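Student: Here's a structure for you.
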Amino acid sequence: MMALKMLYRGPSSRLENLIEKIQATKEITNNDMYSTHTSSSYSPSISDGTMTPNSHHLIGAPTAAGQEDHPTEGKINGGADGEDLPKPKRLPHFHHHHHHHYHHQQALKIANKLRKINKEAKMGATAGGGATGAASKFDKLTGEGIKSRGDGSYQCQFCEKTFPRLGYLKHHVQSHAEHLPFKCEYCSKLFKHKRSRDRHKKLHTNERNYKCPHCEAAFSRSDHLKIHMKTHDIQKPFQCSMCNRGYNTAAALTSHMQKHKKNAAILAAGGNPNALNYSPRSTGSASASVSSNGSLQKRRYALALASDSSPSRMDFPKRSRSNHVGGTTTTATPTPLLRCSYCPKVTEFSSLEQLNAHLQSVHEQPQTQAVKTPVQEGEGFQLSCEYCTMKFGNIAGLFQHMRSTHMDRLSSPNSYYEHFNRLATAGTFSPRLALDLPKIKPDLGSPERESRPAEDDLPTDLSNNKRRPLTPNPQAQTPLAPPSAPPGVFFCNQCNAGLPDFESFRNHLKSHIAEGMQLVCPHCGMSLPEQSEFERHVVGHFLITGSEFNCSSSCGKSFAKSEDLQQHLLSEHVLTLLKCSLCSELCESRMAMQLHLACAHSQETKLLRCSACLELFRSDAEFHVHVKTRHQLGGHPTLGATSSAPTNPLQCMFCRAVCSSELEMHFHLAAHARQFRCPSCPETFHVEFLLDRHMQSQHGGVKDKEANSPNMGSLYVNALLPPLAAAAAAAAATNNNSSIIDYNVAFKGLFGGASGGAGSGGGGAQSGGAPPSANKFYSPLQVDTNALKAQTSPHPALMYGLSQRYLMEMYAAKSTSPSGNEGVGNSQPPAPQATAPPPPPNASTATFSCGMCERQDLRSEAELHSHRKLAHNLKTGVSLRCAYCAGNFKSRAELEQHMKSCHNSTGKHKCLICDEVFPSPAILAEHKLQHSKVGQSGKCSHCGQPLEDVAAFRAHLSEHGSDGASLPLACICCRQTLHSEFELSLHAKFHTKSSSSGGSLQEPVCALCLEPLPDATEGPAKLCDKCCRKHNLNGKRGKHSEPATSLPAPPSAFVENRCNLCKMILPHAQKLQEHLVEHTFAGTEQRGFNCYICSAVFTAPGGLLNHMGEHGAHSRPYDCNLCPEKFFFRAELEHHQRGHELRPQARPPAAKVEVPSIRNTSPGQSPVRSPTIVKQELYETDTVESAGVEDEPENHPDEEEYIEVEQMPHETRPSGIGSQLERSTSSA
């Protein structure tokens, strides 16, 4: 009775899980063997009109339950305990028990086959040559070929690792947090892009922001909405003629028409109309979600999940077929699976129904109609599907199943009939009449049965590959005789198998023990008997094979690609040799080759240049011959009566150059003395004319010249004879200026005679021997040319040029004399004694100090220059003083290095606020003051203390810890960065400007050296004492002080058509506008004038101004904060804002003050009434008085003007000019 309970226990969860795993395995293997388009997950149901063996029993179950009118109870024959038999209400589940038990037995058989193949493979590996056979068996068992490990792998995009599965790769990518900056706040998942993170967040929030305008559908992504919108598109060219549905392509329409054709065939075959909507290419169930297109590792892992020893479709025997040979039908005998526990040696059963009938008929009391099952008429007619294990009771069900499941296996729908005929001729099914069906007699206890084939009661066994004959087996038809005494049956507690004897039971347990000792891989399910093999196999799952290319040398570097290794070898381990084409010597580097060329193949030849004629020589012998033959003074005339040619050559103390004569030495020394220095920049010049031209071209004006000074500041007088140079030096010492030489004294010896005076007969010449007076020269026409020729040096052309220049300057001085018929008067008129200021008391005691040594007792700047040349070996006349921080340097290289490192003097200088480019740091520093937001407040931004002057600014700068700090530092008023001492002084002067100091916006400074004047109460003079002494301007300063008593200096006033940025006066307003445009593009004129609105480029500022008017007034970006005016350029705005500052301070024109002319007449003489031509040149000044009358410019004492008056003969003077000038002179 215990055996019955174990056999008839109900379906357990363990058995159901096992069946589900086996079913999943079958679906996977079917997907792998058949096409990927075949839906293996389709399971027919009763609603589809498909009949299955399960559905037959389920339909017949209610009938069997309804016919159970007289249930009886019985005892088992031979059972001592007398337990009740199971009730017949469990009979409808018999087929389910058989189904589960059948698949469980198949799983056990597959597991046994797997163990057998593993043993054979192990034995073949040891013997050698058996591995191939085992692998082929395994391939046949699983239906899959073992592929290489590299196939189907996934490589990380951030590193070199590869993974066999996509899930492993996705999990690994999350470890690269440095490459995935965006994190989901819900699940902490990392993403590379923000859009991916936002798209992922919509899965958590269920946001559907993209809604269809035609229906109520909503989507979380825009591309999904676009795909959905195509369903509403009515403009599709391909329309279905049956359902009027549109398609974009002909292929889609053709696929759709195949569906209509298929549905029509199903309806014609009598199928269920409800099944017409089924698509043969639909997605499978969850158990078959493993795609057949996946990699080998995926399918093997899914197979391992289904069962520890999952079967393959290749293990299941094919469906048995009946072979009609010669009219006789042979059928293969099925393998018995069930045995009776009471008579196991007598008979075996292939189904639970036969075993149940056997138990009820032989081993228990008869039960009237206990297991009688109603037989339907069509139950005996079974049709099997060739491509799967399903059976059907009619042809329509088989056809519907074939069309729905195996549509792509057939060439055309018409082949169904051929397929049916082929199955009929092959004997796959055999229709049977209802009379041939087995009938169970009411008396189940009698051993006698009807003489019918025992195989007819058995179901179709698909696990048997052998064909069974249709004729009944005589041995199987023998009635079962109950044994006299049932032997003992041994049941296995692991698999519930019943064993007839103990020996079988022990062998069966050994198989379980051997199976338990197997080490099963948790990744792929492979069983391994030994621990070492198991470990090696598990390590192989985590092993990712890669390749790298190592450098075989001692560097030990590795590379992922062979190209990188080759590049490394070429760059690191290949020695490039340079071969000298002259001597074939090899060098390893370019530097070594250069050194070799310099040492071995370079020959230095000294060039000897003659300083007199500039001829080159390559040997000392040639040079000495040249000097002896061409520049020796032995054969030349003497310079004077008592002088003779020097016996030794003269050598320059600065550059060690050798000169053959004293005159040549003086010419050479003049090249070292560039005493004319520009007051605005460090440039120096030999000749004053070059300085004047430099001032006009670079600084917009002309250097102040003293018209009434007879001193001609040219150093070329040193080129004259030594007595003349000595006389010039003595004259210069009287003026306390070593750089200015008096030509009158220097050329005094050029005109012979000891007595005589200037002629009075309108420029008549006197005799050459008459000496001039003490205070006058002879007329240039009375020059003793013979004496001049007698003193001529070996350079007559140069002496002639010097004499001609002197004569021209003396002629100009004569033409400006009070009377035209007198000789040249004294060019030094007596200065007014009342207005001439006395020399400063410390002028004679002023000392200069050298910045390179500790010497401070130098009495003049010329002595300072000489000291630097002699003591510090400075061979250039260029100043080595920094123009920004006033630092002195020993060499030009040190000064340039200082400018590059501290003041950034190279390249363009760009303002970091407005991106404007300037040519120098000084201009940039002045420009940055325009961006100062605090302006001329004069208050400290840290503590708010007012700063009165520059000294207070510097003193207060130290209070905030900036005194000892090195540049750059921040301004205490505007917080701008100051990069140099010049910029610091500029900010100090800018922020300490006071509007209460007499209306002046600037403190008085020298017009030449820009240094503040020590005392502003002396007068409106714009020159300091040092500049007056240096440039011999003492007389001019006295003349400036005279009109100061009659008219005070007015403040800066507004002048029409004058640029307020550079004080330049333009002829009309259009020129002023063009001039302001040039200010805007200062430093970049070579690139043209471009429009910042449309990028148009013009070559002239006038074209740009005309073009800017096309953009309209609304395009002007710069507006004034004091008035509603707007401008196109920043320079226009700055000019306009400075005009606001100057207009309220304009005063009415003062009374005209008659200022004596620069070239005034001598005392006691009347003004010249003769017509003259007056040329006026305006210089850059800080104050210009506004003109009351536009046609009459007023002369202000602060203005520096140079008037050159030229005398014109009466016969060449144009008519009308004389009268006009006379009227203007009389009005003045």
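Here, residue 1 is simply the first one shown, and the rest follow in order.
A Cβ is built for glycine as well, from the same backbone N, Cα and C atoms used for every other residue.
So Swiss-Prot lists the following for this protein:
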type	residues	note
COMPBIAS	34-47	compositional bias 'Low complexity'
COMPBIAS	88-105	compositional bias 'Basic residues'
COMPBIAS	438-455	compositional bias 'Basic and acidic residues'
COMPBIAS	758-767	compositional bias 'Gly residues'
COMPBIAS	829-842	compositional bias 'Pro residues'
COMPBIAS	1158-1169	compositional bias 'Polar residues'
COMPBIAS	1179-1204	compositional bias 'Acidic residues'
COMPBIAS	1217-1228	compositional bias 'Polar residues'
REGION	30-105	region 'Disordered'
REGION	306-331	region 'Disordered'
REGION	438-483	region 'Disordered'
REGION	758-778	region 'Disordered'
REGION	817-848	region 'Disordered'
REGION	1138-1228	region 'Disordered'
ZN_FING	154-176	zinc finger
ZN_FING	182-204	zinc finger
ZN_FING	210-232	zinc finger
ZN_FING	490-512	zinc finger
ZN_FING	519-541	zinc finger
ZN_FING	578-601	zinc finger
ZN_FING	608-631	zinc finger
ZN_FING	880-903	zinc finger
ZN_FING	909-931	zinc finger
ZN_FING	938-960	zinc finger
ZN_FING	969-991	zinc finger
ZN_FING	1118-1140	zinc finger
Student: Work out, from DSSP, the number of helix, strand and coil residues along the zinc finger (969-991).
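Tutor: For the zinc finger (969-991), the helix, strand and coil counts are 11 helix, 4 strand, 8 coil.
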Student: So, by DSSP, how many helix, strand and coil residues make up the zinc finger (154-176)?
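Tutor: Helix, strand, coil within the zinc finger (154-176): 8 helix, 4 strand, 11 coil.
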Student: Under an 8 Å Cβ to Cβ limit, what residues of the same chain, 6 or more beyond the ends of the zinc finger (210-232), are close to it?
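Tutor: Cβ under 8 Å, 6 or more out: 199, 202-203, 248.
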Student: Could you please provide the mean pLDDT value for the zinc finger (490-512)?
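Tutor: Mean pLDDT, the zinc finger (490-512): 82.
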Student: Over the span of the zinc finger (1118-1140), count residues by DSSP class, listing helix, strand and coil in order.
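Tutor: The breakdown for the zinc finger (1118-1140) reads 11 helix, 4 strand, 8 coil.
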